[in-house]
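Here's what TrEMBL has on this protein:
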type	residues	note
DOMAIN	5-382	domain 'Major facilitator superfamily (MFS) profile'
TRANSMEM	34-59	transmembrane segment
TRANSMEM	71-89	transmembrane segment
TRANSMEM	95-116	transmembrane segment
TRANSMEM	128-148	transmembrane segment
TRANSMEM	160-179	transmembrane segment
TRANSMEM	200-227	transmembrane segment
TRANSMEM	239-260	transmembrane segment
TRANSMEM	272-289	transmembrane segment
TRANSMEM	295-312	transmembrane segment
TRANSMEM	333-353	transmembrane segment
TRANSMEM	359-379	transmembrane segment
């Protein structure tokens with residue numbers, strides 16, 4: 001039964017990843033057809049992230065009221081409705097409106113499932129769970145590239161992904177009795193007082209960990225959203241080819257997370273973080289110095305491979321660093337902080353792209369990488385000092 005439930009969680013993360021790369025892949029063509037400035041993609045991303053922040057902060061209450069299974073099904077259904085709304089939109093304000101339910105749906109799934117897996121499953125499952133997210137995130141731009149080459153155009157890409165989300169809603173809904181069994185068992189095993197946010201923030205290293213989430217998600221969201229525009233406006237790549245090349249970033253994340261799951265058998269969480277940071281740096285250097293399509297694609301693959309272990313390991317280390325009794329509540333705060341990075345930075349990057357140059361994308365990303373590395377290193381030192389020993393996965 002536990003294995004079957006894990007399979008459903010994997011499916012839920014495929015559904016979470018599917019829409020994530022659509023906006024960035026479609027935007028070079030999409031902004032022209034709806035008469036919007038190129039920088040307004042950041043505004044759409046910001047609206048989505050506002051919704052995810054709200055639902056992430058409410059996750060503990062929502063899980064207690066609905067259970068994880070019902071919450072997941074309802075959230076994916078809300079996302080599906082929003083995607084069909086995107087496909088029917090002809091003006092910017094309509095897309096901005098549909099971005100609200102999309103964000104609300106995504107945030108609750110992310111926080112609740114991450115907390116559950118971090119608490120109940122081994123580290124390899126966390127990496128493979130996010131590998132499933134990567135399958136969706138890589139598949140979304142590929143679907144969009146295919147549809148942009150047909151008469152359906154970018155609305156067709158949103159319709160197909162929306163239909164796939166509906167199919168996943170059906171699968172998750174059918175599994176609700178399985179979720180209910182797991183939730184009931186959890187309720188019987190441990191009734192504990194939910195820690196206050198003040199107590200959570202007072203834990204050694206928590207604020208630095210939250211800053212690490214913010215920096216990583218700012219980097220990933222900026223690269224995911226603006227990679228196609230970086231290729232089209234910065235290097236003269238065609239819109240269709242750029243959409244396909246941009247999907248290599250998510251493909252790198254997907255493959256890297258599968259490999260990271262295997263590597264957890266030999267490396268601990270901190271070692272995987274350092275390996276990922278190093279590969280990210282190499283990928284960004286390649287993007288800075290390489291003008292050709294093949295080398296740009298290589299840079300995006302390396303960047304994705306480096307990103308792969310970062311987010312899952314930060315999540316997996318949450319109960320290890322701060323205690324399993326704090327994991328669910330702290331996960332909501334960390335997810336909210338992560339989405340602040342995802343919300344705030346793409347619009348800033350959009351201003352840089354429009355007012356300065358799209359070529360600066362890897363340079364700015366390198367700065368975020370350096371800041372993230374400092375935050376996570378200092379976090380581990382604070383936790384080790386408080387606990388009198390090293391943090392191990």
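Even glycines carry a Cβ here, placed using N, Cα and C.
Unlike curated records, TrEMBL annotations are generated automatically.
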Cβ pairs under 8 Å between the transmembrane segment (295-312) and the transmembrane segment (95-116), at least three: no
Dominant neighbour of the transmembrane segment (95-116) in 200-227, 239-260, 272-289, 333-353, 359-379, by Cβ pairs under 8 Å: 333-353
Folded-back contacts onto the transmembrane segment (359-379), same chain, C-beta under 8 angstroms, at least six residues removed: 205, 208-209, 211-212, 215-216, 218-219, 222-223, 226-227, 230, 234, 273, 277, 280-281, 284-285, 287-288, 299, 303, 310, 314, 321, 345, 349, 352-353
Stretch among 34-59, 128-148, 200-227, 239-260, 272-289 sharing the most Cβ pairs under 8 Å with the transmembrane segment (333-353): 34-59
Cβ contacts under 8 Å made by the transmembrane segment (200-227) with residues that lie 6+ beyond its boundaries: 20-21, 23-24, 27, 41-42, 45, 49, 137, 242, 245-246, 249-250, 300, 303, 307, 310-311, 314, 318, 321-322, 326, 329-330, 333-335, 337-342, 344-346, 349-350, 353, 358, 361, 364-365, 368-369, 371-372, 375-376, 378-380, 382-383, 385-386
Segment-segment contact (the transmembrane segment (239-260); the transmembrane segment (128-148)) at 3 or more Cβ pairs under 8 Å: yes
Tertiary contacts of the transmembrane segment (160-179), as residues 6+ beyond its ends and Cβ separation under 8 Å: 1, 4-5, 8, 11-12, 14-15, 18-19, 22, 67-70, 72-73, 76-77, 79-81, 83-84, 87, 140, 143, 147
Whole-number mean of pLDDT values that fall within the domain 'Major facilitator superfamily (MFS) profile' (5-382): 85
